[in-house]
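Here is what TrEMBL records for this protein:
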- 6-33: coiled coil (COILED)
- 26-67: domain 'PAS' (DOMAIN)
- 99-151: domain 'PAC' (DOMAIN)
- 159-212: domain 'PAS' (DOMAIN)
- 236-286: domain 'PAC' (DOMAIN)
Amino acid sequence: MSKGTEDHHSDEINELEKEIVKCKESEEKYRSVVENMHDVFYRADMEGKITMINSSGPKMSGYESVEDMIGLNLSRDLYKKPEERERLLSILKKDGKVTDYEIELKKKDGTSLWVSTNTHNYYDKSKKQLGVEGVFKDINERKKNEERYRRIVEKVKKSEQRFRVIAETATDGIITSDVQGNILFFNKSVKTMFGYSADEMEGKHLTMLMPNRFKAGYIEYLEKFRSSGEHELIGKTVQTTGLKKDGTEFPFEMSLSTWKSGDKTYFSAILRDITERKKADDKRKKTEEKYRYIVEKFLKVSNEILQEMNKP
């Protein structure tokens, strides 16, 4: 072999050795990145058996070591519902990848573990599919919070339904507004009391239910409450005058309260039409005045008679 040929082969060997070193360095770098991931990185073969998993795998799923997880079947050993694995595979077959797909896995002790996965098919150099690889991100805490929130919302809905049933059957009017005075809720008795339909009142301002002479004072009261939080009517029962849709005025009693939901404040009022009571009161007062006049007249006449009788 000539020296030139030997040098050529030597150069090829050197280049090959450099490539091998680069590959090893790349592989070590890749493994280092994978091993230091907080999320679980895994590979599974075409049968769904785990062939590779990083150290986050046993930490997240409760297994003793990586070795304990190698060979586990994803569908049988990790998926809470094996049919979910089939669903994921059908998406992979169609799209080649799955992004942010939520799955309920199971830990070694059988307890649930919710994860979000990004998964794709992986191939060898000849483009033959070897299996799937992907990442499991622990979303267990988020799912617990979502479930907690769902239960709270459900309780609130049930409470709201109970409130609406009670409110709708109440003989007194019940009305709720925000601190700007916009009507948010009212029961059937309020509609009857003022003569409006639901569509006519929904989202309108409370001043529509007041005579003009009270509107400016009410708006000033709201502005004062918003700026300082001061209120003079909360917790008290007061008598005032309402304005019906047909323009007639009527007296009613109002008990006002305030409450918070989150960082927002609302007003609720219980209204009682006291038209009949006022009529009865007026009638009683007139009757009292009438009898007072009769008694006073009688006493005056009696006194005059007595004075006349006592004259010598």
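Just so it is clear, glycine is given a Cβ too, placed from its N, Cα and C backbone atoms.
Remark: secondary structure over the domain 'PAC' (99-151) totals 12 helix, 30 strand, 11 coil, with classes taken from DSSP. According to DSSP, the secondary structure content of the domain 'PAS' (159-212) in residues is 27 helix, 12 strand, 15 coil. Secondary structure by DSSP for the domain 'PAC' (236-286): 12 helix, 30 strand, 9 coil.
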